[in-house]
Amino acid sequence: MKVAVLGAAGGIGQALSLLLKTQLPAGSELSLYDVAPVVPGVAVDLSHIPTDVKVTGFGKDDLASALVGSDIVLIPAGVPRKPGMDRSDLFNMNAGIVKNLVQGVADNCPNACVGIITNPVNTTVPIAAEVLKKAGCYDKRKLFGVTTLDVIRSEAFVGELRGLNPENVNVPVIGGHSGTTILPLLSQVEGVEFTEQEIKDLTHRIQNAGTEVVEAKAGGGSATLSMGQAAARFALSLLKGLQGQDTIECTYVEGPGDNAKFFAQPVRLGKNGAEEILSYGKLSAFEQKCMDEMLDGLKGDIQTGIDFAS
């Protein structure tokens, strides 16, 4: 299997690449691309880690070489959040980056599964879909918005609150990947009861966790390490699926459109990518209210992406 990371020299890209170098199955190839001149050095640095994963770095003129033969393409490229910015402020800078990189995917590895990490994911995934449609190679089973960070944060925060091992906590997170569009289904956490206030506080913390990190880093970065871990978890689950070992992850995909054209919910990953979009079950009254209040915003984010790509 060949995995390409586009934007591999950034904070997320380096963390993700390190995790993939240490966790991809033996015999895998890891292809690192970035416009930053440091990327060949990142590849050399990682090549000194003794795992049977071949790492190659590609500079800004070598996108085609980086992509050819890729099974999975992960795109964390773009400008990170700074204090005072929200994910939508990133749109003007990052939309064009995603559009160009996905065009590269269409030209060089049109059958690859693509995981979009670049924010705002609510909008960049629809942009990617439109680019792939125009190129005649769009398969909705193979395009994903990586929302796993919301899931791992939910698991960590629930574990912290209840003194549980977070590795044993499972929290489905549905909707989108910014602000109130992030909807953790805390009513579905097995074996744990929350008060109404705890649910409100936890939901708010999960929705604003990115800001918590940006402010804590005081201008020195955004959530790069946790996002790297989240992206690696998603990529490794997807890889297992492609190899015939079905896995389930929450991810932002084009679905039946019951709520919005693109929507994050549990998905069964298999040999063709998104094999089946699973039901997220019954919502509590609080969750349903949150859903009703956020859908218009999510639909607006999606339309912004479609309009940009057109």
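The backbone N, Cα and C atoms fix where each Cβ goes, and this holds for glycine too.
Site annotation (Swiss-Prot, ligand NAD(+)) includes Gly7, Ala8, Ala9, Gly10, Gly11, Ile12, Gly13, Asp34, Ile117, Thr118, Asn119, Met227; from Asn92, Asn94, Asn100, Asn208, the additional listed residue is Asn94. In the shown protein chains, 28 other C-beta atoms lie within 10 A of the C-beta of Gly13 (NAD(+) binding site). Least packed by the Cβ count within 10 Å, out of the recorded positions Arg81, Arg153, His177, is Arg81. Cβ-based neighbour count (10 Å, all protein chains) for Gly7 (NAD(+) binding site) stands at 27. Non-local neighbourhood of Met227 (NAD(+) binding site): Ile12, Ala15, Leu16, Pro76, Ile117, Leu149, each in the same chain, at least six residues away, with C-beta under 8 Å from its C-beta. Its Cβ placed at the centre, Thr118 (NAD(+) binding site) has 28 other Cβ atoms within 10 Å.
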